[in-house]
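Structure first, commentary second.
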Amino acid sequence: MGILEKISEIEKEIARTQKNKATEYHLGLLKAKLAKYRAQLLEPSKSASSKGEGFDVMKSGDARVALIGFPSVGKSTFLSLMTSTASEAASYEFTTLTCIPGVIEYKGANIQLLDLPGIIEGAAQGKGRGRQVIAVARTADVIIMMLDATKGEVQRSLLEKELESVGIRLNKHKPNIYFKPKKGGGISFNSTVTLTQCSEKLVQLILHEYKIFNAEVLFREDCSPDEFIDVIVGNRVYMPCLYVYNKIDQISMEEVDRLARKPNSVVISCGMKLNLDYLLEMLWEYLALTCIYTKKRGQRPDFTDAIILRKGASVEHVCHRIHRSLASQFKYALVWGTSTKYSPQRVGLTHTMEHEDVIQIVKK
């Protein structure tokens with residue numbers, strides 16, 4: 001029996017098993033086996049040749065955003081509208097066959113936008129170019145899931161399932177579980193909170209399935225067996241996702257209102273160029289970027305060339321971005337902006353910068 005058949009059998013077994021106290025250990029084991037087989041499926045084949053058209057794109061700009069969706073939901077049209085890149089767009093499926101990059105220039109930042117080929121159902125099993133599409137998606141900072149508003153619910157659940165099966169966790173945080181395999185001493189299990197979904201016995205069963213008999217486990221939050229399996233496997237990607245419902249000109253106002261109220265969702269129409277500005281604002285928020293402007297002594301700030309950093313970046317991060325040796329020569333910095341009580345304020349390396357702050361660095 002091949003890996004795909006084993007995965008299919010386990011999925012059927014999970015679907016027909018009623019969830020209750022008596023079956024929780026059985027379900028936990030099935031989920032551990034399923035995660036193990038899926039990990040094997042995603043490993044690149046040793047016999048596979050490396051010939052063929054290049055697919056991955058070199059990372060550039062200040063952030064990377066992956067456009068994911070089924071064929072013909074409007075990804076190529078969106079890329080053409082947002083960037084200067086022309087991605088071939090047509091009203092039939094599978095127009096885009098390779099990964100097309102573009103750059104959005106917004107608030108001084110260059111955001112790389114990747115138009116990935118349309119995902120079809122079963123992409124995780126390698127159908128179409130699904131596996132390559134998902135591999136590129138794992139390298140992004142944010143995923144934009146493009147959905148056709150006329151069939152958005154069906155597409156959304158299918159795409160979420162595909163991404164979940166390859167270890168991409170959308171709009172979730174990494175489980176707060178400390179896990180460390182050891183050479184001996186058995187399994188040490190502790191928790192700082194009351195656990196309602198995992199027990200010591202279930203944790204041991206899951207670890208034994210992965211041939212781990214000596215480990216230290218500490219739960220700092222109430223997690224499910226699936227989340228614990230994610231911690232053991234360790235190659236999961238936790239990523240913010242923006243659900244974008246396109247073609248809202250083809251549905252009723254009531255349906256548009258319902259979709260717009262969903263969490264992490266934006267409604268747009270690429271054909272009529274509706275709501276694209278709001279989508280850019282939301283994307284900026286999800287990327288959590290800040291613009292920092294520099295100032296030389298006795299001169300005006302340079303507002304033409306911003307330093308783009310992650311939200312919560314310190315003065316030390318700014319120093320490293322300017323020059324790697326600057327932090328070692330640092331004496332103090334003068335900062336103007338919302339991060340200070342008064343302007344300018346003299347600060348040290350640990351000071352946290354805010355969006356559109358101005359900084360002047362003084363060396364020793």
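Using the three backbone atoms N, Cα and C, a Cβ is placed for every residue, glycine included.
Record features, source Swiss-Prot:
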type	residues	note
BINDING	69-76, 94-98, 115-118, 246-249, 269-271	GTP binding site
BINDING	Ser76, Thr96	Mg(2+) binding site
DOMAIN	63-288	domain 'OBG-type G'
DOMAIN	288-363	domain 'TGS'
MOD_RES	Lys21	(3S)-3-hydroxylysine
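The number of other Cβ atoms within 10 Å of the Cβ belonging to Ser72 (GTP binding site), over all protein chains shown, comes to 18. DSSP assigns Ser76 (Mg(2+) binding site) to a helical segment in the three-state reduction. Ranking the recorded positions Lys21, Lys75, Lys247 by C-beta neighbours within 10 Å puts Lys75 at the top. By a simple count of nearby Cβ atoms, those within 10 Å, the most crowded of the binding-site residues Ser76, Ser269 is Ser76. Within 10 Å of the C-beta of Gly69 (GTP binding site) we count 24 further C-beta atoms, all protein chains included. Regional average pLDDT for the domain 'TGS' (288-363) in the model is 89. A Cα-Cα distance of 13 Å separates Ser76 (Mg(2+) binding site) from Lys247 (GTP binding site). Within the domain 'TGS' (288-363), the DSSP-based counts of helix, strand and coil residues read 11 helix, 34 strand, 31 coil.
Taking the C-alpha positions, the distance from Lys247 (GTP binding site) to the residue listed as '(3S)-3-hydroxylysine' comes to 45 Å. You'll find the Cα of Ser269 (GTP binding site) roughly 47 Å from the Cα of Lys21 ((3S)-3-hydroxylysine).
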